[in-house]
Amino acid sequence: RQTREQETPPDFFYFSDYERHNAEIAAFHLDRQVEWICIKRKGEILILDFRRVPPVAGRLVNMTREIRDVTRDKKLWRTFFISPANNICFYGECSYYCSTEHALCGKPDQIEGSLAAFLPDLSLAKRKTWRNPWRRSYHKRKKAEWEVDPDYCEEVKQTPPYDSGTRILDIMDMTVFDFLMGNMDRHHYETFEKFGNETFIIHLDNGRGFGKYSHDELSILVPLNQCCRIRKSTYLRLQLLAKEEYKLSLLMKESLLKDKIAPILYQPHLEAMDRRLRIVLKAVSDCIEKDGYDNVVENDFNTDVNTVTTER
């Protein structure tokens with residue numbers, strides 16, 4: 001519904017923003033981008049990455065041959081129609097925005113999309129859904145508690161599962177990830193059920209990222225500003241991506257060129273990530289100045305950073 005160059009209209013609320021297939025693709029590359037970055041120290045290699053977004057790739061889909069003519073879902077099949085412009089359209093079935101007015105239309109039946117793989121299947125590895133403590137109100141007039149209480153993080157840190165383990169640090173990673181994309185729509189998150197609190201957050205549902213390149217939504221960074229906590233590995237990674245030789249925008253651009261429907265992001269979106277990265281580093285720096293390095297930066301390395309080797 002949007003071209004690469006278009007921004008989210010300024011009068012749109014975050015909960016009525018478009019879902020963008022290219023945002024899902026770019027989020028996957030951003031999440032794994034640091035796979036290509038290495039710091040060499042004394043002959044050993046430290047690889048820096050999150051890898052919490054399931055694989056996503058862009059594809060040009062023939063809606064007639066690859067969806068309508070092969071689906072066994074009669075409800076889905078009934079939502080296909082031919083528009084006044086003689087394009088094939090469909091709207092599917094969902095709770096919101098599944099109507100003729102919000103249909104997806106091809107040209108005439110070709111449409112770009114993002115395809116996501118999730119392994120393992122739910123039958124093999126159940127997932128648990130959690131309400132994000134910094135969830136927005138999803139209301140035109142009401143504010144969420146975290147928006148009016150500057151000490152909100154202290155309450156969160158006393159509440160399971162955030163009172164033990166690494167979950168609060170996972171939230172900080174997700175906060176940085178969302179801020180770089182401009183994603184305000186992180187209302188819930190998921191984890192693998194089997195591992196309880198000894199697991200990581202899965203970064204699903206990133207379609208409302210990369211909506212605005214001319215605006216940095218500072219409210220996304222509130223969890224980091226309130227909690228003043230961050231992993232050492234994340235902090236080092238961000239510092240590295242701020243260096244000219246490892247510039248985030250250039251690495252993202254190179255990585256995204258590998259996708260079949262490249263270019264994925266408009267150049268100003270790439271440049272916005274560099275700008276937002278500087279804002280994140282300034283926020284961490286302010287926290288360190290206020291609370292001290294050891295109280296802000298959590299050392300998540302088992303041994304000295306210069307001798308750690310990550311094997312995959």
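We number each residue from 1, going along the chain as drawn.
Cβ atoms here come from the backbone N, Cα and C positions, even for glycine.
In sequence order, TYR14, PHE15, ASP17, ASP205, GLY207, ARG208 are the residues near ASP185 (active site), counting only same-chain partners six or more apart with C-beta under 8 A. According to TrEMBL, the active site annotation covers ASP185.
Per TrEMBL, Mn(2+) binding site is recorded for GLU19, ASP205. Shown in sequence order, GLY207, ARG208 are the residues of the chain, 6+ apart in sequence, with a C-beta less than 8 angstroms from the C-beta of GLU19 (Mn(2+) binding site).
Cβ neighbours within 10 Å of LEU119 (ATP binding site), excluding its own Cβ and spanning all shown chains: 8. What TrEMBL lists as ATP binding site is GLU19, ALA116, ALA117, PHE118, LEU119, GLU190, ASP205.
Among the features that TrEMBL reports, domain 'FAM20 C-terminal' is placed at 80-297.
Comparing the binding-site residues GLU190, ASP205 on other C-beta atoms within 10 angstroms of each C-beta gives the minimum for GLU190. Between the farthest pair of Cα atoms in the ATP binding residues (GLU19, ALA116, ALA117, PHE118, LEU119, GLU190, ASP205), the distance is 23 Å. With the fewest other C-beta atoms within 10 Å around its C-beta, ALA117 stands out among the binding-site residues ALA116, ALA117, PHE118.
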